[in-house]
Structures are given as C-alpha cells and as structure tokens.
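Worksheet: one structure, shown below.
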Amino acid sequence: VVKPRSLQAASIPGLLGMFQNEWDALMLSNFSLEQQLHTARQELSHALYQHDAACRVIARLKKERDEARMFLAQAERQIPLSATATTNDNSIVSNGKRGPEDELGPDGKKIRPGITSAIITELTECNAMLSGHRKKRQVPHTLAPIEALERYTQVSSHPLHRTNKPGILSLDIHPSKDLIATGGIDTNAVLFDRSSGQILCTLTGHSKSVKFVPSDDLLVTGSSDKTIRVWQGTEDGNYSCAHVLKDHTADVQAVTVHATNKYFVTASLDNTWCFYDIASGTCLTQVGEPSGQEGYTSAAFHPDGLILGTGTSEALVRIWDVKSQSNVAKFDGHMGSVTAMSFSENGYFLATAALDGVKLWDLRKLKNFRSFAPYESNTPTNAVEFDYSGSYLAIAGSDIRLYQVGTVKVEWNLIKTLPDLSGTGKVTCLKFGADANYTAVGSMDRNLRIFSFTEAEKNEPTSLDDRS
C-alpha cells in the first residue's frame, strides 16, 4: 500500500522546508567528514615523523655498536697474547661463544662484526707493498739448483704419531725456524725440530689442518670436531691453547693465514668459510650457505692477500674477493673433490689437485693452461705445492714428483720422481723447506720423511749460469 504524502509535501512551502533540512544535514555530514580527514592526516604525519626518528636512532646506535666492536677488536689485538694465555681455562670455555657472536639476526644466523673499512685498508696496503716487492724480487742465489733436486733422496724418517692410528694428514714448515708441524689421524698435532731431530711438544685434540703464524709464534689447527684452535708458543718451547673457535657445523678441512699474519681463514664441509682475527679469536665474517650440499675441502690465500681460493667437494674451484667477500671467478673441469691448492709466488699461477690430477690456472686470463695426470684414474692427487721462490712445483699421490716451473707456453719439465717409502701407496701432504733444500713428506703411516741431498752436496759450489 502506497503511503500517502505527508502534509509538508502537499504544499510548496513544505517542500522547500524539507529540501532545506536535507541540505543542512548533508552539509553537516560533509563538515564532519572533513574534520575527520584532517585529524587522520595529522595522526599519519605524526606517525611518519616518529618512524623516521626511530630509524635515525637505530642507524646511529648500529653505527656506534660497530665502532665499539672495531675499537674492542683493535684493543684486543694490542693486548699481548701471553696475558691471554694466563686466562687460558676461561678462554677455552667461552671462546667461540662470544657475546657479540651469540646475537642472532632476524634469519636466525649469528651477527658478525664484518670486515671493517680499517681492516680493508690494512689488507689493501699489504697487497700494494707485496705486489711492489714481488716485481723487484730476484730468485735468491741460495735457492737449490735443478741438479740438487735431481739428487734428492730420503735422508731421515721420524715416527711422530701413534702406531694404532697411523697417518699424517697435513704438515706445515715454519718459514724462519727449522720447525715442522704435522697433524695426524690420531687427533694429535706434533711440533718437530728438524735440526735436532726431536719432538718439541704434542698438541692433543686436533689433526685435520695445521698452519704456522710466524710473526707471533702461533699455530692454528683445524679438526674434524668442527672446531679451530689457536696455540700460543711459550718460553719453554711448549704451546698452550689460546682460543677454541666453534663457528663451523662440520669438519674443518683447511686453514690458511693471511700475509699480514693478523688474520686467517678456515674452510669447512658445512659449505662456509670464516675470516678470523687471530689476536682476539673473533670470527669477523662467515661466507657461504650452511645448508648447502657443496662443502669446502681446501683453501689458500693468494700471496698478495686480497684473493682467496677455495676448492669444493663437487670439483669446483672458487676465487673470492676478500674485501667484498664476493665470488669473482669459478674454475671447473676437475673430477672429484679438490684436495689441495697452491698459489705461485709470482702471483699469476694457481695449482689445484683432485682425483684426475693437477690443473694449472692462469689468474690473468682465468683459464686452465696445463694439466698433469700422473697417476691411475682411481688414485687421487692429494697434495700440490709451489716452493717459496715459485721455481718448483711438487705433486704427491702414490709417489712424489718434482717439476721445474715454466710459463703458459714453456713446458714444465719433470725433474725427479721420489717413491712413497711408507708402503701405503698414498702420500697425503708435502712442503718445500727453505730455498728448496729439502722437502718434508707425510704419508698414511706415522713417519715424517725428509728428502734432500747430502751435506757434502750442499757445500758444492754451483754456478747460477748452470741453472735452467
């Protein structure tokens, strides 16, 4: 039923009154909406101002935190490590779980201080100095000539590790002292004085990789227990543990020390590498993806210190820019895990070893220019090493082979083949001694073997003109 019109709508004055009331109500509603919009705009502007101020405060606090960490790291580096050794027990308990490193980011990963601009400046200055010296440096006249390497033979053999767990996995030679450090399957690291033929001390608990830090009488060891230890030499000739570092989640496969002797890098099967400050034992940065399947099996610093090489279990060689921690090159072509790598002191060549032998890479053109396949297909090459002068290259697998270093176009001649006298058929590691006067070799038995020429041959005068 249609409702009848109201009395107001029955006349023109009534209609005008209705329209006037409706117009007043509409204007009042519009005015209320404008007031609400103005209030909302004021609240939004205030919220944006608060957010901007909070961001500025957070940025300032982060900057102050980073500066404080940098000053703390510098202060710790200036504290003598002997003072740290006096609190050895506390360091062992707490190290690797330091306060700043226990902070977790939004992704659940530990927050690292990072490689600061001051450290980058230090690395760059070291690189410039070493590069300049390298261009001027001549081959030392004390370097053993090729004729001497041709007369190499075993001059001594030293049982260093346990008989129930034989096998030497790694070794390193102190550049200024006649000391050799070995790491064995028996989870011990042994320091051996070659001149006296005596064992100086045995460091228990670590075996996978050993590396001297010559400037501060330190030794860095990595192990299959996922930790790294920094050992400080004492006045009585022993070594005490200064730091235990627990940043990796899998076996630590390699340790390499930077040319400044202030930093070192560890590579692990957890698919990461860590950059450490030696004095404080702080992990400055951890690069890689811990959840990845491609673990690192070897690592080495370039002689100038701004490039890091790593080898993976998937036959890939990666070259990293240390300053930016970015992967700048990849070398593929190997088969099996990359077991060892060595940069030549000339700064241009990189040698890598794997199941299929040794490959030589030209870092200027980023390509493989020569390969050696000295052993059978099922026999891996376990070690490859340039001597300090960059004149000789040693390869180890089922035997030891010494090569004269050539160029990209000039052939690399085989100088000498040394048998594996351990009877295991597996040489695991080797290092050239000073001026290539001897070579230290570790195998899958407990003996450290020294190959050299006799004392009478050392004293024979050799003309530089007779060298190739």
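Each residue's number is its place along the chain shown, starting with 1.
Backbone N, Cα and C atoms are what each Cβ position is placed from, and that goes for glycine too.
What TrEMBL lists as domain 'Prp19 coiled-coil region' is 9-73. Across the domain 'Prp19 coiled-coil region' (9-73), the prediction's mean pLDDT works out to 91.
The annotation compositional bias 'Polar residues' is assigned in TrEMBL to 83-94.
The region 'Disordered' feature in TrEMBL is assigned to 83-111.
Summarising the annotation, TrEMBL assigns compositional bias 'Basic and acidic residues' to 98-110.
For 209-232 (among others), the entry in TrEMBL reads repeat 'WD'. Within the chain, the repeat 'WD' (209-232) has long-range Cβ neighbours (under 8 A, six or more residues past its boundaries) at 81-82, 84-85, 96, 169-177, 179, 181-183, 187, 189, 191, 203, 239-257, 261, 264, 266, 268, 270, 276, 278, 281.
Residues 72-73, 76-79, 81, 91, 95-98, 100-101, 110, 112-116, 119, 122-123, 126, 130, 208-216, 218, 220-224, 226-230, 292-301, 303-305, 308, 310, 313, 320, 322, 325 of the same chain lie 6+ residues outside the repeat 'WD' (245-286) yet bring a C-beta within less than 8 angstroms of a C-beta in it. Here TrEMBL flags 245-286 (among others) as repeat 'WD'.
Below 8 angstroms of C-beta separation, residues 115, 120, 123-124, 126-127, 130-131, 134, 253-260, 265-267, 269, 273, 275, 285, 287, 336-345, 347, 350, 352, 354, 361, 363, 366 of the same chain, each at least six residues beyond the ends of the repeat 'WD' (297-330), sit close to that stretch. The feature repeat 'WD' is assigned by TrEMBL to 297-330 (among others).
Within its own chain, the repeat 'WD' (331-371) is flanked in space by residues 131, 134, 297-304, 307, 309, 311-319, 377, 380-386, 388-390, 393, 395, 405, 408, 412, which lie at least six positions past its ends and keep a Cβ under 8 Å from the stretch. The annotation repeat 'WD' is assigned in TrEMBL to 331-371 (among others).
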Inquiry  = From the DSSP assignment alone, can you count helix, strand and coil residues within the repeat 'WD' (209-232)?
reply    = 3 helix, 15 strand, 6 coil
Task = By DSSP assignment, list the helix, strand and coil residue numbers for the repeat 'WD' (331-371), in that order.
result = 0 helix, 22 strand, 19 coil
Message = Just to be sure I understand, if DSSP states are collapsed into helix, strand and coil, how many residues of the repeat 'WD' (245-286) fall in each?
response = 0 helix, 24 strand, 18 coil
